[in-house]
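Down below is the structure, laid out as structure tokens.
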Amino acid sequence: MASSEIYREADPVMSKEIRDVVPAHYVLKIKSFSLFAKNNMEKYESGEFEAGGYKWKLILYPNGDKSRNGEDHISIYLAISGMNPLQLGGPIHVAIRFSSYDQICDRYLTQQGRVTRFHALKAEWGVPRYMPLKTFANPSNGYLVDDTCIFGVEVFVIKSSGVGECLTLKASASYTHQWKISWLPSLGEGYLYSDAFTVGDHKWKVLLWPRGDYSNRGQSLSIYLCLVEVDKLASDQKVYARYVIRLKGPKNFVHQPEARTISFSSSMQMGGWPSFMPLKTVQECLTNDPCFIEAEVTVFGTISKLP
């Protein structure tokens, strides 16, 4: 169960969520919280924990980080640990969620800011005005009960996998190829290819199985659109196209399924309909010669991997 809202409190802008789930990466429980003030302890640094391949620590200012305008608030930060910040090498992009446990409702108040970047000159990030001390210290709110409180943090390191694609759109090229078929109901169990035709700098053919392909033999007519010469495509290149195939017969007979849009490639050379039309319908409606197969193809562009 969770509810969420967006609010602005000084800097940064945070999103707030009430949830049941325990923080995934680190939980800090503090007993006798009031002794921070009595012992003049301005801040507390937690032990190290690991998340996303790096070591971190949670830093808490129980009476506010006054150097960053955190008076009268709980201030909370995440800091990279275990290495000199100058040794980071490159920036680390991190999404951080801080949590406070409501001991009455058994839920966590979780707050997340924008994705932040850790680097040699910025080894910590946090919220100086995380929660007003008045709100935190009120027992009816559940955050400080019997002088005990619980904080938590989740750290999600964002690493680019380098995986992506580039869609290069072009002025759409459309063409309708018509293929005349004689005595369709009497054709055998083999397959037939239409003549090649060109759409969008690519060659295409229609593949027809008059008696059904291997999975529909003797049941349905099967028909496909095929991309020809796929070996001429660049490595991992795809052709983004929409197509529809219609079958026209005597007496204004037309059978046309819904158009499809797919990416043709060396591993996806054809697309179509294994069960385009029941053979019974072929025998009943297409007995008079001839009939026509029309392939309407629109090429929108190409897709390639990001360099």
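Just so it is clear, glycine is given a Cβ too, placed from its N, Cα and C backbone atoms.
Note that the structure is a prediction, hence the values are computed from the model and not measured.
Residues annotated as domain 'MATH' in TrEMBL: 23-155, 174-297.
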Self-check item: Number of helical, extended and coil residues in the domain 'MATH' (23-155), per DSSP
Solution: 18 helix, 68 strand, 47 coil
Exercise. Could you break down the residues of the domain 'MATH' (174-297) into DSSP helix, strand and coil, giving a count for each?
Key: 13 helix, 65 strand, 46 coil
